[in-house]
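*Asks:* This is the structure I want to talk about, given as structure tokens.
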Amino acid sequence: MSLRFLLGRSGSGKTTACLEEIRRQLQEDPKGRTIVYLVPEQMTFQCEYALIHTEGTEGMIRAQVFSFPRLAWRVLQETGGMNRYHVHDVGVQMMIRKIIEQRKQELKLFGRAADKSGFVEQLHEMIAECKRYCLTPDELRRHAGVLESGSGQPGRRLLADKLSDVALVYEELERSLLGHYLDSEDYLRLLVEHIPRSSYLHGADIYIDGFHHFSPQEYMVIEQLLHRCRRVTVCLTADRPYDVGMPDELDLFYLPAQTYRQLRELALANDIMIESPVVLSVNRRHQDKALAHLEEQFHRRPLLPYEAETDAICLYEAANRRAEIEAVAREIIRLVRDEGARYRDIALIIRQTEAYRDLVKTVFFDFDIPYFMDEKEPMHYHPLIELVRAALETVVTRWRYEAVFRAVKTDLLFPVDGDLAMWREAADKLENYVLAHGVKGEKWTSDERWTYRRYQALDGLNVPQTDEERQFEDKLNEWREALAAPLRRLERRLRRAADGRGLCTALYLFLEELQIPKKLEQMSAQAEADGRLVEARQHEQAWNAVVDLLDQYVEMLGAEPLPLAEFAKIIEAGLDRLEFALVPPAIDQVIVAQLDRSRLIDVKYAFIIGVNDGVIPAKVKDEGLVAEVEREQLRELGVALAPGGREQLFYDPFFVYLALACPSRRLYVTYPLADGEGKALMPSPLIKQLVQLFPRVSVHLCGNDPFDAPEEKPETFVTVPRATQTYLISQLRAWKRNYGIDPLWWDVYNVLISHPEWRARVEQAVSGLFYTNQAVLKREWSRRLYGKKIQASVSRMEQFQKCPYAHFASHGLRLKERNVFRLEAPDVGQLFHAAIKQIADRVREQHLDWKQLSRSECERLSAEAVERIAPLIQQQVLSSSNRYEYMKRKLKNVVARTTHVLSEHARASGFAPVGFELSFGPGGDLPPLRFQLRDGTVMELVGRIDRVDKAESSQGVLLRIIDYKSSAKTLDLTEVYYGLALQMFTYLDIVLTYAEQLVGEPALPAGVLYFHIHNPIIQAKQWLDNEMEVARKLLEPFRMRGLLLADAETIRLMDSQTENGQWSLIVPAQLTRTGAIHSRSSVASASDFAALRQHVRRLFVDIGGQIADGVVSIAPYKLKNKTACEFCAFKPVCQFDEALSGNGYRKLTPQTKDAVIETLGKREEES
């Protein structure tokens, strides 16, 4: 029995020496004593591959490559001990959660933290660390007692309480697992116990390689191996034996020196012979002198510069991380294509895997680079995991929309042999219905049939259901039953379950009834047929993982009664920790490795990426239950735990050294100057160190495309078709903007366009350069869309003027937004309009007078109107919750306040309403306005006028238009001029054109006014002394805005209290003390009103002609800071982009009121 050290710096050939010695023994005696090559988990495949591909070796029966856990599994298989149930981390955490719940009252600190996210995982990691470092619960209690008795040092009591709580949970966990279960940390303890009984290891030769330090458990295993085996050879990356004297903590080899000393002391304590250390002093790896110089001089002070030219060390500075990875990918392609490298010769070494993981996957896919990432992928996004999570959330949250449709969108609720496309469309329609009707809770689970009505007008209570609506309703209920029935059965079983076993059984039956194994098998077969082999294997893994999770729960908590919400929380925590098994690397792949974790063999080209400040050297992270300061306190007590932040800071140069010394031919060190959000990043101090060490090596700037990297030759961007196409399009875009490009890119274009596989892709990409995002609708298609007679509302005409494409999307394609079950501004506006109409009807029916309405009558009429209308708004949304009931009360107050103000207006006004919600169009109260368009198409304007008032004056009958608005609105003649606001003058034109039909005689225009329906808070700078001031303050916010006839008599008719030079509280006008109209009044002459009416008519004819001609241009207006795109629902459809040729705003010039009236007046004179 002996211990032998094989020492040497990185690249000295330690691994090669071990492998050659093993090969030699295999060749001499293939069936001799056991040879075990013990390496870290991530190194096992490479070592097995190296052994298998040994020339002259007929087999390797006697030699096997193991990691510590796999060696434990092999020995326990031989000696017994595998009969206990293996509990994964998820199962252990379930047990910890149960212990905390049961012993909460005894816990000093953790009882309050138990429900916090991630706490159980942290506690489990702490207990696992205690096991690895052979700390028992009793020892933890003893150390807690020492800390508690000590004084004068801050935080000792807190740490004592932590240790006490950890000890309590740890002890209870061990008691629960004892004799029945094994967790991941128990295998090495069992291995220690069973090595003495293992005939497999008796007299074996053990080679331990790839480790730099060991945990106490691993030291105990090595101790037993020293007793049982013939020889244990330990390879360490160290410059010399450390039999006498330890290096300084800042020494590069401090970590392996510690390991050397501990192993030596272990052998001496057990009377094991220590052979003379074998020190390999020659650098066998580095074929280039510069790399050898780097390995030798790194971390030496002072630095000895390497003055010769070299291409073995390359420094890349990139604009951002994507540019960095693309530059690396281009260089990998060049190495393989031009220098004969194999992908397996290349390694990507990363410390910040979370920042680069997805980027590497995306870029390497674009460049067709095969790679193996030494990192397990979480199962979060697998459909089965999402189904289980969403199904439990559906039950716990009582069928919330989001949870239900997360389950539906996994596709796993659909029938196993159903048409997937058909069921997805059905699910979309079902989702639209649920969103529009606010379906949740009992609406899903009751037997009550869902009803469907496409339209539900506020005054159309008895409209019969159409055959089309009835057919859709039948389909809707059929889809609902098919998708909701499995979830309903799951809910019933879960709520009947008496314990954890019952809950897991309910969930398993749910998955079985849905035939999940068969569906996943189909998905796997499809993925395999499409060449997605990794995905094909993942489907089976996901099913096994979920079933195993349920098994673990039953084993750990099966007999425990548990609230459903707590069960769902535990299962979700378990699902979050599920990971796909690592797929073994293929023969020829780039290895993507983590700087601190991976062990690499036979790498010729290494790329160390993301070398920024804060990454190398690494920042100390104070994570876990025990803080860095507390670890220091424990270390003072002699407690051995995993290296804390301080030690890791000392060890960091060693791991950087290993990465730098890894390649045998060329080293690339890269760093970005900005992250994905554009925030600046600083290069690591390592970059400065390398520049000082190699002064002849310059930093190479990498850009996103050839224009960003003038140093690079254009041909370096020509790699594989997919990636090259991206650069080609970038160059052609520059050429289109009259920039010069290298002739090489035309050759690239010709090659790609001549290739059958890439021709269509290139043509599609190139077409985008000349894409104008505009289209013309032929006149015949316009006729088919809109018909020979166009019936249009005024708002439709306005929409066309704002943007012709928005009109086409809305009225041609008939696109509309999803209807969502919530109260929105248009719904409030509808309610206000309908309420005022119904109040006016009740005033007329009950023979009341607007002028005589009291405040209480206004409140009564308003409350009754809102109560009648509310059930017809958005599927009774105002009755769906306490919040909406409160909003309904607020709306009643608004309507009551408005009604009272209207009553006050009536008292002061000579105008009286002659119509509310007056319709015009075929079958309406008034005929439509008709226009003959230039192609013979007839256009009719239809709509509804909120209110028309009439008054008698010395000149004759006066008519005015009042439009109710739920938000403040002013009449801007600029918008009228450009056709953006046509309603008011169209309504005025309608009532004046058909005045004889409406009031029995011709009429004159009195004005157009907006009335703001609201319930404002009265603000005053000082105390209001009398009722008159209060009344004035109450009426001021309700002053109507608009345009009035410039006639003093008309203004007095609108407000009899406008004398004495005061502003009217009703209309936007003021009379001076002499009775003249004040210049600030918003007025226009009768001829001006006529000119505005004629202008609006001309606009309608022009708009109608353009619609008939098929104008669908994407031409949104821009007026000051307002644009048509601001609130447009069709932005995702039109894809308006000012950067595209032909896309731009129609910029409208603001006009003053006088300028508009003058322009229109001149036009009238000319006509």
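Glycine is no exception: its Cβ is also placed from the backbone N, Cα and C atoms.
Below are the features I grabbed from Swiss-Prot:
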{"type": "DOMAIN", "residues": "1-359", "note": "domain 'UvrD-like helicase ATP-binding'"}
{"type": "BINDING", "residues": "Gly8, Arg9, Ser10, Gly11, Ser12, Gly13, Lys14, Thr15", "note": "ATP binding site"}
{"type": "DOMAIN", "residues": "282-588", "note": "domain 'UvrD-like helicase C-terminal'"}
{"type": "BINDING", "residues": "Cys803, Cys1125, Cys1128, Cys1134", "note": "[4Fe-4S] cluster binding site"}
*Asks:* Secondary structure at Lys14 (ATP binding site) (DSSP, helix/strand/coil)?
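*Replies:* Once the DSSP labels are grouped into three classes, Lys14 (ATP binding site) ends up as helix.
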*Asks:* Out of Cys803, Cys1125, Cys1128, Cys1134, point to the one nearest Thr15 (ATP binding site) in space (Cα versus Cα); all of them are binding-site residues in the record.
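*Replies:* When the Cα distances are compared, Cys1134 comes out closest.
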*Asks:* What other residues of the same chain, not counting Gly8, Arg9, Ser10, Gly11, Ser12, Gly13, Lys14, Thr15, have a CB atom within 8 A of the CB centroid of the ATP site?
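*Replies:* Other same-chain residues with Cβ inside the cutoff are Thr237, Leu280, Asn283, Arg284, Arg285.
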*Asks:* Around Cys1128 ([4Fe-4S] cluster binding site), which residues of its chain at least 6 apart sit with Cβ under 8 Å of its Cβ?
*Replies:* Cys803, Ala806, Pro1116
*Asks:* Sequence gap of 6 or more, Cβ distance under 8 Å: name the residues on the same chain that satisfy this around Ser12 (ATP binding site), in order along the sequence.
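*Replies:* When sequence neighbours closer than 6 are ignored, Ser12 (ATP binding site) has Leu280, Ser281, Val282, Asn283, Arg284, Arg285 within Cβ distance under 8 Å.
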*Asks:* Any idea what the Cα distance is from Cys1134 ([4Fe-4S] cluster binding site) over to Ser10 (ATP binding site), rounded to a whole Å?
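*Replies:* Approximately 60 Å lies between the Cα of Cys1134 ([4Fe-4S] cluster binding site) and that of Ser10 (ATP binding site).
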*Asks:* Between Gly11 (ATP binding site) and Cys1125 ([4Fe-4S] cluster binding site), how many Å separate their Cα atoms?
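*Replies:* Cα to Cα, Gly11 (ATP binding site) and Cys1125 ([4Fe-4S] cluster binding site) are separated by 64 Å.
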*Asks:* Let me spell it out: for each of the binding-site residues (Gly11, Gly13), count the other Cβ atoms within 10 Å of that residue's Cβ, using every protein chain shown. Which one has the most?
*Replies:* Gly11
*Asks:* Taking the centroid of the Cβ atoms of Cys803, Cys1125, Cys1128, Cys1134 ([4Fe-4S] cluster site), which other same-chain residues have Cβ within 8 Å of it?
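*Replies:* Filtered neighbour residues, in order: Lys802, Tyr805, Ala806, Ile1114, Pro1116, Ala1124, Phe1130, Lys1131, Phe1136.
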*Asks:* By the DSSP assignment reduced to helix, strand and coil, which category contains Cys1125 ([4Fe-4S] cluster binding site)?
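*Replies:* Looking at the DSSP assignment, Cys1125 ([4Fe-4S] cluster binding site) belongs to neither helix nor strand, so coil.
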*Asks:* I want to check the contact list for Lys14 (ATP binding site): same chain, sequence separation of six or more, C-beta distance under 8 angstroms. What comes out?
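*Replies:* Long-range Cβ contacts: Leu6, Leu7, Gly8, Asp209, Cys235, Leu236, Thr237, Leu280.
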*Asks:* Quick check for the class: what is the C-alpha distance, in angstrom and rounded, between Gly13 (ATP binding site) and Cys1125 ([4Fe-4S] cluster binding site)?
*Replies:* 68
